[in-house]
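J.: Structure provided below as structure tokens; questions to follow.
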Amino acid sequence: MQAEILPAAAVTTIGLGSSRKVWFPENLTELKELVKRGLYPLGGGSNLVLKDEPDRELLSLKFLKKAEFNGNHLKLGAGVTLREILTLQSQKGFLLLEFLAGIPRATVGGLIAQNAGAFKKEVKELLESVTFITYNGEVATLTKSEIEKSFGYRESPFPKTGVVVEAVFRITPSPVNKVKRLIRHYLKKRLEKQPPPVKTAGSTFKNTPAGAAGLLLDRCGLKGFRVGGVKFSEKHANFTINEGGSFKEFEELIEIATQRVYSTYGVKLELEVKVV
Ligand SMILES: Cc1cc2nc3c(=O)[nH]c(=O)nc-3n(C[C@H](O)[C@H](O)[C@H](O)COP(=O)(O)OP(=O)(O)OC[C@H]3O[C@@H](n4cnc5c(N)ncnc54)[C@H](O)[C@@H]3O)c2cc1C
């Protein structure tokens, strides 16, 4: 089984923290073996921040590239990227994840685990079933009704209960021109709100019942606020940007923001990014 020690910048979009050993299984037997070792599943690293803990090893799902159509259902392997899905949508003519266009590096596994969403739509709504490997090495499947019950806002049972291998999505056939137009539309809307390509892990905190996390941070004067080389974006306060900073600085920034929002609004911010 292959493993490589990779720098944080090669593993995550924000590029903070220490280098990590990443395992690259090439088949299901190897994958099961590695899942049983309790390795932490890695998608595109677009919602992930690495600590300075080189001992915690990661598991790449890159080899899981299945894309199988069956009527209005599409089975996708956990390693298929959002970019690959959007290309498939534009070629074959169907609606699925166009509302997420513009998210860099995300994979099916990460999109499901984080129940990614934007513009009032979530991945959960499109899922028919999810197949995963438990940490005992057993293959299990979540049905549509189980998904409805167990997924929430930027939450799912994964990776806590296991590693996603593949999932069946419900697709909506649509003319290629319309699909392409919608992808462009969502991309444009996203670019209006988010910072240009920089080292970030997307939204740092989950939104709260008291308001969007970005708005609360902004009102607490934290837009553009920095600790060393890590700062909140001037364009969207909930995006943390790495400008040559460290994990320690990220931690400090999060601590300051959490305290300031709590003392001002009595709201406890919860991290959306996963820290491992
Ligand atoms: C510029 C930018 C914009 C973004 N915009 C949005 C947005 O609009 N909406 C949104 O929801 N998110 C957004 N994100 C966050 C991120 O892209 C999503 O959360 C995405 O779903 C993460 O996918 P990933 O493959 O990169 O997962 P990773 O970041 O690699 O992992 C995220 C979590 O998923 C788990 N995971 C990954 N693969 C598996 C698997 N096979 N089985 C079990 N668990 C797994 C990981 O263990 C980790 O807990 C944005 C990020 C960036 C950088």
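Every residue gets a Cβ built from N, Cα and C, even glycine.
On a predicted model such as this, the values are computed, not experimentally measured, just so you know.
The active site annotation in TrEMBL covers Arg154, Glu272. The active site, proton donor feature in TrEMBL is assigned to Ser203. Residues annotated as domain 'FAD-binding PCMH-type' in TrEMBL: 14-174.
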J.: To the nearest whole angstrom, what is the C-alpha distance linking Arg154 (active site) and Glu272 (active site)?
T.: 7
J.: Please compute the mean pLDDT of the model over the domain 'FAD-binding PCMH-type' (14-174).
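T.: Averaging the confidence scores along the domain 'FAD-binding PCMH-type' (14-174) gives 97.
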